[in-house]
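Beneath this line is the structure, given in structure tokens, with notes to follow.
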Amino acid sequence: GLTRPSKRCLAGSAPCEFHRGYTCCSGHCLIWVCA
């Protein structure tokens, strides 16, 4: 239940700023949760 990786991000940082509900996983923004 993941979308394709989006904007780059830092692991352990706040949720991705460009959209709510995104989480940082493996250096990329993923919707909702990590796989």
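Each Cβ is built from the backbone N, Cα and C atoms, and glycine gets one as well.
Look at Swiss-Prot and you will find Cys9-Cys25 (among others) tagged as disulfide bond, backed by similarity to another entry.
In the shown protein chains, 20 other C-beta atoms lie within 10 A of the C-beta of Cys29 (disulfide bond). Annotation source Swiss-Prot lists disulfide bond at Cys16-Cys29 (among others).
The disulfide bond annotation in Swiss-Prot covers Cys24-Cys34 (among others).
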For each of the disulfide-bonded residues (Cys9, Cys24, Cys25), count the other CB atoms lying within 10 A of its CB, then report the residue with the highest count.
Cys9
So, in DSSP terms, is Cys25 (disulfide bond) helix, strand, or coil?
strand
